[in-house]
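Have a look at the structure below before the remarks.
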Amino acid sequence: MAPFASLASGILLLLSLIASSKACSCAPTHPQTAFCNSDLVIRAKFMGSPEIIETTLYQRYEIKMTKMLKGFDAVGNATGFRFAYTPAMESLCGYVHKSQNRSEEFLIAGRLRNGNLHITACSFLVPWHNLSPAQQKAFVKTYSAGCGVCTVFPCSAIPCKLESDSHCLWTDQILMGSEKGYQSDHFACLPRNPDLCTWQYLGVSMTRSLPLAKAEA
């Protein structure tokens, strides 16, 4: 195994030199988009520091899954995941877990590869308690209703154009200056009828929709 370890170390060093000036860039993502585009969505706790896998360009974090929110069909009879895999270097969008609190629970939206959970710096991965009550509710049972049917369409500059009635115009970046705005925190893009999707409020005590955004001619 030593030759493979030496080769992997050499490759890591070479890539770090090549990519040292390149930072990982991630596009803003609405939580619903993160849910729908992920193979797996779980709640889990990180149990320690990452372990470098010498024969690959990856490292892995030991995790303790507390609840699976998406991915039941994909994992089959698997009862959980012990590790989350990520690129070993930040320049390759490797995820770096900074919290030292092993009792803190995180929402992890990742990909399934060869039966393993994979995450990157661009993955939707946040402390569960940092999510709004509406987001927590949506990750458990609401976002799934829009997957494959509706699309959150980012608006990063005015004017914005909708390409389909199944799109919901996401304007948080324009109106709030951040992707963590009102639509992200409190709304989901859901079907109103077979040919139309609209923003729908995720509050517990009331249900209302944002005004429909009209596409430019």
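Each Cβ is built from the backbone N, Cα and C atoms, and glycine gets one as well.
According to Swiss-Prot, the cysteine that forms a disulfide bond with Cys26, out of Cys93, Cys122, Cys147, Cys150, is Cys122.
Swiss-Prot assigns the feature region 'Involved in metalloproteinase-binding' to residues 24-27, out of the candidate ranges 24-27, 44-47, 72-75. A disulfide bond in Swiss-Prot ties Cys168 to one cysteine from Cys36, Cys93, Cys189, and that cysteine is Cys189. Between Asn77, Asn130, Swiss-Prot assigns N-linked glycosylation site to Asn77; no such entry appears for the others, which is not proof they lack it.
Take the candidates Cys155, Cys160, Cys197; Swiss-Prot pairs Cys150 in a disulfide bond with Cys197.
On its own chain, Asn37 (site 'Involved in metalloproteinase-binding') has Ala109 as residues at least 6 apart in sequence with a Cβ closer than 8 Å to its own Cβ. When DSSP labels each residue, the region 'Involved in metalloproteinase-binding' (24-27) comes out as 0 helix, 0 strand, 4 coil, counted as helix, strand and coil in that order.
Over the domain 'NTR' (24-147) the predicted model carries a mean pLDDT of 93.
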